[in-house]
Amino acid sequence: MSFEYENNNTIESLSEVFKTLASGATITITNVPESSSAALTLNLTLSGFVKIESTSGSISASKPNYNLGSAVTIDDKNTIDGASLLRSEDLKKPDEKDLKADCGTGKEKKKRACANCTCGLAEEIAKNDSLSVEQREDPKSACGSCYLGDAFRCASCPYLGKPAFKPGEKPSLVMLDDDSMDI
């Protein structure tokens, strides 16, 4: 289809022409002034035309071969296989000792759990260290603020879960018999 350039080649008018053309059809606009060539090329692009070619005094454009709302399958020849990214050593399950963080002071000294131990060394040490009879009868606190209550006690406090008490005293629980009622 070919027609001469008019000064009113707007996006709306070119869109109407676009709708009437068949898929793959070509339109040629002749006698296009050099000053209007860039604006007309932009209007053709915004109207949906593709393969826009400008020659001296004329512009040709094509309607694409696909229809509005059509679907196309994409070849997966350029996709990356996820299995090829992994090495054989990446697939091995780590040992328990490899998962533990390096807590403690060093290899030649006795290991001590750090303050915020997450590797399990603190629990392991707690299992190995059994409390003596003296420690059970007169427990000592690491923080020294046990008498203030649970909000101020450290995680290893022997008084954890017990009520606040006066400094120097041992906490004692007064058990009341709430099960019996006088009617």
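Note that the numbers count up from 1, one per residue, in the order the chain is shown.
The backbone N, Cα and C atoms fix where each Cβ goes, glycine too.
The structure displayed is predicted, hence computed values, not measured ones.
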What range among 58-61, 150-153, 154-157, 174-177 does TrEMBL record as motif 'Cx2C motif 2'? 154-157
Quick one: sort out which of 19-22, 43-46, 143-146, 159-162 is the motif 'Cx2C motif 1' according to TrEMBL. 143-146
Would you please say which range out of 86-102, 103-119 has the annotation region 'Fe-S binding site A' in TrEMBL? 103-119
Identify, among the binding-site residues Cys143, Cys146, Cys157, the residue whose Cβ has the fewest other Cβ atoms within 10 Å in this structure. Cys143
Within 10 Å of Cys143 ([4Fe-4S] cluster binding site) (Cα-Cα), which of the binding-site residues Cys114, Cys117, Cys119? none
Of all the binding-site residues given, namely Cys146, Cys154, Cys157, which is spatially nearest to Cys114 ([2Fe-2S] cluster binding site) at the Cα level? Cys154
Give the number of CB atoms, excluding that of Cys154 ([4Fe-4S] cluster binding site) itself, located within 10 Å of its CB. 13
Cys114 ([2Fe-2S] cluster binding site) has its Cβ surrounded, within 10 angstroms, by a count of other Cβ atoms equal to 15
